[in-house]
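Note sheet for the following structure.
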């Protein structure tokens with residue numbers, strides 16, 4: 001890289017690398033991040049207990065301290081990940097300067113660059129002002145598209161454009177979206193992709209008519225819980241961010257969601273509520289850090305396209321309910337550590353595309369996998385039928401034959417029971433109970 005000849009670039013890169021290394025080391029020492037649902041429940045318990053201060057405590061002290069420890073660990077992870085993100089951003093900027101052969105300290109060209117930037121800003125501001133003026137004059141403004149304008153700031157006044165249905169400010173330099181955006185009662189489509197957003201405002205949950213939301217390619221580390229209130233959403237794209245988790249209740253609320261893109265993030269798990277998205281048609285979660293899927297994933301009865309590829313060493317198993325995804329047409333499980341497909345995989349009769357590359361599969365055998373999706377379905381279906389037949393055979397055999405004792409204690413219990421029955425019968429006989437006429441005759445003979 002020619003830029004490394006500049007001392008300022010070299011110094012900045014050295015500092016940035018050191019900071020990145022320190023932040024990563026700290027995160028490694030902290031260990032795995034706690035599960036998001038566990039963090040949510042722990043926070044709720046701590047908050048409820050604090051609210052009852054002075055009253056009777058319903059949570060044992062040991063459990064309460066464990067909840068506080070979970071919350072502290074989560075907050076520590078947040079702090080170090082923020083430091084890591086900031087250091088990586090500096091390193092990326094230094095690397096870009098080195099690739100371009102520039103010195104970070106550019107006194108000669110600074111005035112010209114500033115002047116050019118000022119000119120661009122002025123042009124953008126004029127365009128923004130024109131839109132706002134049109135709205136203030138009472139003229140209908142249903143769609144605003146300010147794409148690739150180097151926009152750094154979105155005025156609060158945008159939240160007062162009544163009747164606005166589409167707002168597209170993709171590929172700009174926005175770091176913040178104003179809270180006032182929650183005032184766009186009629187907004188149906190919001191595109192914020194390819195900006196520099198670190199967070200979204202909680203007021204986004206007020207957009208009750210929002211149908212399409214694209215926040216891909218930003219710097220988001222989480223989505224606000226309020227996003228679950230956007231119940232009209234049918235498409236949500238949050239790909240290419242740094243998401244470590246999704247809101248706990250997202251699936252309970254977004255029941256109309258059809259397409260969900262969360263690939264290229266840092267997700268360790270999907271919330272169990274996602275299984276309630278009965279309208280979900282497409283789920284793309286490739287290139288994350290998923291350790292598994294919710295056990296009830298099979299409840300996604302409308303799912304047709306599922307991409308779970310490239311979760312690498314983390315994804316090893318699929319839940320038993322996977323075979324209930326009866327409408328699945330396309331499935332990508334490549335680049336994982338899956339050893340066996342679920343026994344009921346053969347039930348996926350509508351499956352047309354299947355990618356199992358780069359997995360240590362033993363079931364089905366690789367010679368079957370190499371023959372294609374139809375061969376895999378046929379093999380797994382036959383295996384499933386064999387399993388069902390064997391279970392049925394065992395069930396019939398168990399029903400037709402009495403249960404025999406299989407352990408010494410079982411034999412002893414059965415023997416004692418038999419002796420008790422015999423002795424009871426003998427006592428009854430000798431005491432004269434239940435004697436028939438034939439019994440009396442025998443007594444007379446002796």
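Each residue, glycine too, has its Cβ placed from N, Cα and C.
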Next item on the list: Examine the ranges 372-384, 385-397, 398-410, 411-423 and name the one recorded by Swiss-Prot as motif 'GVYW'.
Entry: 372-384
Notebook entry, point to check: For which of the residue intervals 29-64, 65-100 does Swiss-Prot record coiled coil?
Noted result: 65-100
Next item on the list: Please average pLDDT over the repeat 'LRR 3' (185-207) for the predicted structure.
Entry: 95
Check: Looking only at residues six or more beyond either end of the repeat 'LRR 3' (185-207), which have a C-beta under 8 A from one in the stretch?
Finding: 162-179, 213-230, 232, 237
Check: Same chain, outside the repeat 'LRR 6' (255-277) by at least 6, Cβ under 8 Å from its Cβ: which residues?
Finding: 32-33, 35-37, 216, 231-249, 283-300, 307, 314
Next item on the list: Determine which residues of the chain contact the repeat 'LRR 4' (208-230) at the Cβ level, with the cut-off under 8 Å and only residues 6 or more beyond its ends counted.
Entry: 78, 81-82, 85, 170, 185-202, 236-250, 252-254, 261
